[in-house]
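K.L.:
Sending over a structure as structure tokens; questions will come in a sec.
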Amino acid sequence: MGRASIEELGENPPWLQAAQLNESLSGPAELRPRRALPRSLSETVDEKEVSAAAQTPEQTDLCYRTVRVETDLVDWQKPLLWQVGYLGEKYDEWVHQPVDRPIRLFHSDFLEFLSKTAWYVVFMVWTPVVLYLSWVSYTSLAQGNTRLFASFTTEYSIPVHKYYFPFIFLLGMILWSLLEYLIHRFVFHMKPPASNYYLITLHFLLHGQHHKSPFDSSRLVFPPVPASLVIGFFYGVLRLLLPEVLGLSIFVGALCGYVIYDMMHYSLHYGSPKKGTYLYGLKAYHVKHHFEHQKSGFGISTRFWDYPFQTLIPEETFKKED
């Protein structure tokens, strides 16, 4: 496969776009032998490798493959969610072999419907909530009744003025970026015990499905129904820890950060950002996460938290060879 310009990314299938961008960033890498697979696992995929790049020995050696439906470890004609738990020790390797086909999770058409979401639904559902709660937070702060540490001492409590709202909102967005990193790394990328059917199933439901089929466009953003449960939980935590209006102000900033994250995540998979832009760099970074460095590069809307947590994808993997 030759080098690919960013203009080509809008003309090819998404899986090929990722492979081309991956190669254009790494230089024309030689196809290196992939690690030996268990016989039962190696028989389930085609030998054709769409993309490969030079990696250090400790990094997972990943190839983009085409599934042989008739010999795969799961039955692709049936919902996958209740099958993956039986893969046991083979699950981790299987789920990290990306395929270019949609996934069905549930037998129930209703549950299947709830598990899929178009990108614009997230924007349409949560943007009005962000705008309304921002107005509520600002007008509540304008009443002048909010004081920090008032539950401990009235003499040294700190008044929170309405003019502080933009900064509190920004603090919420920063808090979300940290949560985004922590959830992605420690929840979505946990390695479930091979003997635990239910944890494997849960992992596949939460994030494994996305790494198995990274370009299933209906599964790139969080469905509003399950998302509302998680969002409600975090609001409850902030409500317990902080004065009501202050907690709400931080919460709405975090909610805005989540909406931006989900929109950016979809864009990183299906957008064609201009070379040299921030989004181009993030797209390249996220492609590396999916196809080469699945144990690093956990930042999606920003790479910031990968620095202090030492999970940054090595910069040299992005340098072009002349």
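Note that the numbers count up from 1, one per residue, in the order the chain is shown.
Just so it is clear, glycine is given a Cβ too, placed from its N, Cα and C backbone atoms.
Sharing the feature lines straight out of TrEMBL:
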type     : residues                                                                       : note
TRANSMEM : 118-138                                                                        : transmembrane segment
TRANSMEM : 163-183                                                                        : transmembrane segment
DOMAIN   : 169-311                                                                        : domain 'Fatty acid hydroxylase'
BINDING  : His184, His189, His207, His210, His211, His265, His269, His286, His289, His290 : Zn(2+) binding site
TRANSMEM : 220-238                                                                        : transmembrane segment
TRANSMEM : 244-261                                                                        : transmembrane segment
K.L.:
Near the transmembrane segment (163-183), which same-chain residues lie under 8 Å Cβ to Cβ, leaving out any that are not at least 6 residues past its ends?
P.N.:
134, 137-138, 141, 234, 246, 249-258, 260-261, 298-302, 304-306, 309
K.L.:
By DSSP, what is the split of the domain 'Fatty acid hydroxylase' (169-311) into helix, strand and coil residues?
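P.N.:
Result for the domain 'Fatty acid hydroxylase' (169-311), in helix, strand, coil order: 101 helix, 0 strand, 42 coil.
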